[in-house]
Structures are given as C-alpha cells and as structure tokens.
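Here is the structure we will look at, set down as structure tokens.
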Amino acid sequence: MSQVFKVAVLPGDGIGPEVMAEALRVLDAIEKKYDVKFERTHANVGGAGIDLEGKALPETTITICKTSDAILFGSVGGPKWETLPPDEQPERGALLPLRKIFGLYANLRPAIIFPSLTGASSLKEEVIAGGFNVLVIRELTGGIYFAQPKGIEGEGRDRVGFDTMRYSVPEIERITHVAFQAARKRGKKVCSIDKANVLSSSVLWREVVTGIAKEYPDVELSHMYVDNAAMQLVRWPKQFDVILCENMFGDILSDEAAMLTGSLGMLPSASLAEGTFGMYEPSGGSAPDIAGQGIANPIAQILSMGMMLRFSFGMVDAADAIDNAVAKVLDQGCRTRDIFQEKPGEKLVNTKEMGDAIIVAL
C-alpha cells in the first residue's frame with residue numbers, strides 16, 4: 001500500500017496560484033514515479049483569505065494546516081490590501097501567525113546559481129564561474145524582532161523607540177544543531193554570523209555555537225562578524241557552505257545572498273518546526289505586476305515542494321530528482337522571462353511550458 005502524506009496547499013495571491021499549479025503537476029509526477037500519495041487540501045491565505053473569509057489567516061485554514069503533515073505556501077500580498085492596518089495585511093496577518101502557531105523556528109534559504117545561469121547574476125562571471133550553492137539558516141522566533149520590552153514611549157520630540165535583542169541558550173542550541181546537521185549533508189562547513197565585538201547576545205551566541213561544534217568534529221566551524229559577512233558574500237560567495245544567523249542578521253543576509261543569483265523566482269525556502277513539520281514557500285513575493293499573464297517563473301515553487309519532500313517526508317531521492325530535473329531543463333536552455341538573456345541556445349517559455357519541461361526531465 002502506498003504511503004500517504006497530507007499537504008495543506010495555500011496558493012495565496014498574485015502569481016501564487018499560477019506557480020502553485022505547476023508545483024502540484026510536478027507532485028503528480030512524483031506520485032506516479034515513487035508510488036506515494038499526497039492528499040492535498042486547498043485553503044485561503046493572505047489577500048485571498050481577507051476577500052473570501054474576512055482575515056489573512058482564516059480559522060478554517062489553521063484547522064487544515066493542523067491536520068496536515070506540511071504546508072505548501074505560495075505568496076501573499078498586493079496593492080489591494082496595503083491600506084489595511086499593518087497587522088491585518090496579508091504578510092503580517094498570515095506569515096507571522098503561521099510561524100508562531102506551528103513553532104517554525106528554523107528558516108532554510110538556499111541561494112543557488114546553476115552553472116548555466118551565471119550570466120544572470122549581478123556579480124562578475126569570474127567570481128561565480130561554475131555556480132555556487134549557499135544555504136542560509138536563520139533563527140526565526142527569537143532575537144530583536146520578538147524579544148521584550150519593545151515600543152515607543154514619551155511625547156513629541158521626547159519620544160524614544162526601543163527594541164530588545166535577546167537569545168537564550170536553548171534557542172541558540174536548537175538552530176545550531178539544524179545548521180550542523182545540514183552541513184553534514186553538504187560541504188561540511190558552517191560559518192556562524194554574529195556581532196560579538198559589540199553585542200552581548202552575540203557573545204553568548206558565539207560561545208554556544210562553539211560548544212555545539214564539538215559534537216560535530218567532521219564539520220568545520222568559522223565565525224564572522226555580520227558586516228564582514230555582507231562584504232564577503234559579494235566578494236567571494238563560493239567560500240560559504242552553510243551560513244548560520246540569528247533572526248535579524250539572517251533576514252538581511254538571506255536577501256543579499258538571494259539577489260546574487262539573479263532572480264528570486266529561482267529560490268525556495270523552508271521553515272521548520274521541531275520534528276518533521278514544515279512550511280515551504282518561494283523566497284520571492286506575489287509579483288502582482290505580472291499575475292495572470294502566465295509568465296511567472298515556477299521554479300522556486302517547484303524547488304520549495306522538493307524541500308518539502310526532503311525535510312518533512314524523508315523522500316531524499318525524489319527531492320534530488322526534482323533538483324536534477326530543474327538543472328537539466330536550465331542546461332537545455334529553457335528560460336522564463338526573468339532569467340532570459342537572449343543568449344544562443346536559450347528558449348523563452350511561459351509558466352506552464354517550464355512546468356512541462358521539468359515534468360519531462362523527471
């Protein structure tokens with residue numbers, strides 16, 4: 001009897017439904033190839049949730065997610081909902097509560113340049129010749145974004161705004177284990193990012209990470225101040241394998257690393273809880289300017305689905321097959337508009353045609 005996994009499918013807004021459709025077609029192909037069954041339940045989120053059910057994260061959606069093994073998330077947001085109070089807008093009203101409800105503490109964002117796409121990067125080709133593959137692991141639930149006290153006090157020009165940057169030993173330990181376990185399956189290097197020369201929380205961060213590293217003698221650990229890391233990512237990204245960051249530093253560096261690749265439409269992400277539950281989504285936004293035109297790049301959504309197979313369902317072979325199929329299609333010259341450079345051998349394709357090519361390559 002086939003193994004059965006339950007997936008909550010949240011397409012969201014903008015290009016979300018279009019790219020999600022291609023990811024689900026690839027999932028159909030995986031079902032046939034690996035004799036497995038994915039029970040999919042669609043639910044509203046973001047602007048779609050607001051329009052159809054009155055809030056960005058409806059209770060029905062939460063219930064569906066709670067009865068699923070993983071969440072496959074599209075994208076949320078758009079100009080239509082920007083006039084709502086900030087906490088009710090699609091991004092803050094959906095993503096932050098999902099992270100809190102499901103304890104999603106570890107964000108994994110690969111920044112990959114495939115060898116056939118080095119010309120799309122903003123970096124000089126000699127810096128990234130042969131491509132690169134960096135994994136940024138960001139702690140999601142602690143640090144300056146969440147620690148108390150925070151706020152604005154006083155009146156007029158006497159007002160003061162303040163935030164607290166706080167980390168506990170257990171918070172640092174669990175994200176560090178995620179980084180080292182990931183590095184063991186890759187290039188066996190972890191670079192931990194901090195600002196230990198000025199921040200007390202970073203002093204503790206470095207101390208705890210150094211201690212945990214002793215449990216992984218096969219993995220090389222280095223430390224780097226965040227300002228230097230921002231520079232080194234641009235100077236020589238291939239020096240990195242796994243980059244371990246607290247929340248704010250990871251927020252900034254993961255976006256920087258992503259843009260080095262040339263297109264956010266290529267980059268997946270995973271947000272993991274304790275155990276095997278996770279939420280998987282593209283790193284890019286909802287791109288309302290191209291929604292409905294059938295030209296969006298579905299690769300990030302497809303690779304996010306591949307990360308779901310790898311991290312939540314333990315289907316490493318299937319995840320590798322998806323990664324290899326995407327690489328093969330790119331080597332064959334298939335390009336959506338965002339990565340099309342008009343080079344010899346390139347073929348401009350739409351959203352569905354890119355999905356078709358990846359399914360054939362599988």
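Numbers run from 1 along the shown chain.
For all residues, glycine too, the Cβ spot is worked out from N, Cα and C.
The NAD(+) binding site annotation in Swiss-Prot covers 78-91, 285-297 and rests on sequence analysis. Ala287 (NAD(+) binding site) falls outside any helix or strand according to DSSP and counts as coil.
Residues within less than 8 Å, Cβ to Cβ, of Arg109 (substrate binding site) and separated from it by at least 6 positions along the same chain comprise Leu135, Val136, Arg138, Ser254, Ala257, Ala258, Leu267, Pro268, Ser269, Ser283. If you look up Swiss-Prot, you'll see Arg99, Arg109, Arg138, Asp227 marked as substrate binding site.
According to Swiss-Prot, the feature site 'Important for catalysis' maps to Tyr145 (among others). For Tyr145 (site 'Important for catalysis'), the count of additional Cβ atoms within 10 Å of its Cβ stands at 15 [all protein chains shown]. The secondary structure of Tyr145 (site 'Important for catalysis'), as reduced to three states from DSSP, is helical.
According to Swiss-Prot, the feature site 'Important for catalysis' maps to Lys195 (among others). Reduced to three states, the DSSP call for Lys195 (site 'Important for catalysis') is coil.
Taken from Swiss-Prot, the feature Mg(2+) binding site covers Asp227, Asp251, Asp255, and the record attributes it to sequence analysis. Sequence-distant neighbours of Asp255 (Mg(2+) binding site): no residue of the same chain at least 6 apart has a C-beta under 8 Å from its C-beta. According to its DSSP assignment, Asp255 (Mg(2+) binding site) is helical.
Nearest in space to Ile295 (NAD(+) binding site), taking C-alpha to C-alpha distance over the recorded positions Arg99, Lys195, Asp251, is Asp251. Under the three-state DSSP scheme, Pro86 (NAD(+) binding site) falls in the helix class.
Across the residues annotated as binding substrate (Arg99, Arg109, Arg138, Asp227), the widest Cα-Cα separation comes to 27 Å. Listed recorded positions: Arg99, Arg138, Lys195; maximum Cβ neighbour count within 10 Å falls on Arg138.
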